[in-house]
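Lifted from TrEMBL, the feature list:
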- 126-576: domain 'Major facilitator superfamily (MFS) profile' (DOMAIN)
- 176-197: transmembrane segment (TRANSMEM)
- 204-224: transmembrane segment (TRANSMEM)
- 230-248: transmembrane segment (TRANSMEM)
- 260-280: transmembrane segment (TRANSMEM)
- 286-305: transmembrane segment (TRANSMEM)
- 464-483: transmembrane segment (TRANSMEM)
- 489-512: transmembrane segment (TRANSMEM)
- 552-572: transmembrane segment (TRANSMEM)
Amino acid sequence: MAFSELLERAGGVGLFQTLQVLTLLLASVLLPSHMLLDNFSAAPPGHRCRAHMLDSSSEAPANLTREALLLISIPRGPNQEPQPCRRFRHPQWQLLAPNATATNWSEAATEPCVDGWVYDRSTFTSTVVAEGSPPPPAPQNSRLGLPCHPERLAHLLPFQWGLVCGRQGLKPVGQAVFMAGNLLGALAWGLLSCWFGRKSMLSWCCLQVALANTSAIFAPNFLVYCGLRFLNAFGLAGIILTSTTLMVEWTTTRRRAVTMTILGCTYCTGQMILGGLAFALRDWRALHLATSAPFFAIFLISLWLPESARWLIITGKPERALEELKKVARINGHREAKKALTIEVLMSSMEEEVASAKARPSLLDLFRVPVLRRRSCCLLVVKYAALPSPPLWDTELQRAGSAVGGGDPAGLLGFSHMISYYGLVFDLQNLGRDIFLLQVLFGAVDFLGRATSNVLLRFFGRRVVLASAQALGGLSILANVLVPPDWQGLRVAFAVLGKGCLGLCLTCFSVYKSELFPTSLRMAADGFLQSAGRLGAVVGPLIMTARQALPLLPPLIYGVILIVSSFVLPFLPETRGLPLPDTIQDLENQ
């Protein structure tokens, strides 16, 4: 574990670490925008069928109002609102009679929306769901009954957009494709970074994200869009893995916790930034471009970053590692490093690590060695327990959000998205009235939970903080089961407490997992655990589907799993104040 001594000879923590953290945070602050982008770019607007007489001024009788034309063209639903997916085959003139009712028609007189839809564009001028539809109506009034220039209506092709009515199931498919890209990307980049280095993979992933998501705005149909979003998610997983590992491996033991806390808070800030971007940019293409174009600049900026010297030494490249250490020392202004850092000093300090150099680590190594097998299995349990739970808290906060954002329906105060952890909710628009304000609220709650992690980790260690946060989060879930639905304030308080605890869990987990695996396998282990987390994020919403039949089942499952998993952590070693392990022998000596 002599690398910490070499890092001290290169200046310890100085200007280099500051510049490195700022560079990596540029990418990290935009990650939530991509992870939660579909909450806004694919928000389903209100809609109804396009009807010839209603939406064509040349066919409409001059003596009828818009409301009358809507009544004879679109059937009413049980709530007396126009049905979104049916229209009358022919105008129902009898509904204009003084004694007629809105239900005075037969189902046989209706048909699906064969000519497309008219969308409510009062919240979003354009979304992925509404692609392939007519342009928005005149800006002075955006109610559903207004004409939408049908002469410019594009015919919907087999893979064309219009993800409503019978095609509304395609939106979850697109989200599943995105999550699959995250899952596979975590596995792939974890291994590739162990084989080819951290820095080169980070730069490539930034370029891939920029190209894939920018190209998505030119996608001719939903199939191509999903493919590009898959590539985008694949690259995002690599950015998450490589940026975290580079930050940890170039940071001294004393500053590691605070660095990871800053990274976690940056994710939360990104959620709130997304809220502002989405509030300002109501067109999905403009939103995609605003969140993707900066990655071209980040790609160029990332080229200055040095490769992880730890990884270079472990993979048998001490000469290049020495060059990177001298580069860091020069940036830190440590001029004595030229004499203090030589190949002889490096080889003697890292003799054991160089001797154990292995070019191609494998995922199987995590389960071949007993000490790695125990740590991998324990962290898998913790990862699965922490990630399915957030949808419950998001739902509770979103219910309260309808009161927070109540009043003016168009008073959209903030546009946010994404959750810094992977149990994110992709149905924000269905659960709250003001989705922009809610996204900012979620980011603020997560920020508070993560900001406290550095102090707690310094005084209480990794195991105690992580186990306590998981247990307290589980107890908050179970306590909310006992609170009557009318006590909204108390329910929101428990929701905020639980969500904050889970944010704290994920920051602690990011620090802890990096300290439990050797340098040669750190990225492979991280990728494996990230992939397991994606599966947990998929399971969480599936558990929520049982709420309709058994309302108490999801909170009981979430709460019990969190509490039980906290008892797994005593089987892991405490790593507070210990240098990062570079070899398996380092782990056995702890």
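Backbone N, Cα and C define each Cβ position, glycine as well.
Heads up, TrEMBL stuff is auto-annotated, nobody curated it.
Model, not experiment: these values are computed from the prediction.
Comparison of 204-224, 230-248, 260-280, 464-483 by number of C-beta pairs under 8 angstroms to the transmembrane segment (286-305) places 204-224 first. Beyond the ends of the transmembrane segment (204-224), by six or more residues, the same chain brings 27, 34, 128, 131, 157, 159-161, 163, 170, 174, 189, 231-232, 234-236, 238-239, 242, 284-285, 288-289, 291-293, 295-296, 298-299, 302 to within a C-beta distance below 8 angstroms of the stretch.
For the transmembrane segment (464-483), same-chain residues at least 6 beyond its ends with a Cβ under 8 Å from one of its own Cβ atoms are 382, 385-386, 389, 392, 396, 453, 456-457, 490-491, 494-495, 497-498, 501-502, 504-505, 508-509, 512, 552, 555-556, 558-563, 565-567, 569-570. If one looks beyond the transmembrane segment (230-248) by at least 6 residues along the same chain, the residues whose Cβ comes under 8 Å of a Cβ in the stretch are 20-21, 24, 27-28, 31, 34-35, 177-186, 188-190, 192-193, 198-199, 201-202, 204-206, 208-209, 212-213, 216, 256, 259-260, 263, 305, 308, 510-511, 514, 522-523, 526-527, 530, 580. Proximity of distant same-chain residues to the transmembrane segment (176-197), defined by a Cβ-Cβ separation under 8 Å and at least 6 residues beyond the stretch ends, is recorded for 38, 205, 226-227, 229-238, 240-242, 245, 307-308, 311-312, 359-363, 422, 520-528, 530-531, 533-535, 537-538. Mean per-residue pLDDT, taken over the domain 'Major facilitator superfamily (MFS) profile' (126-576), amounts to 75.
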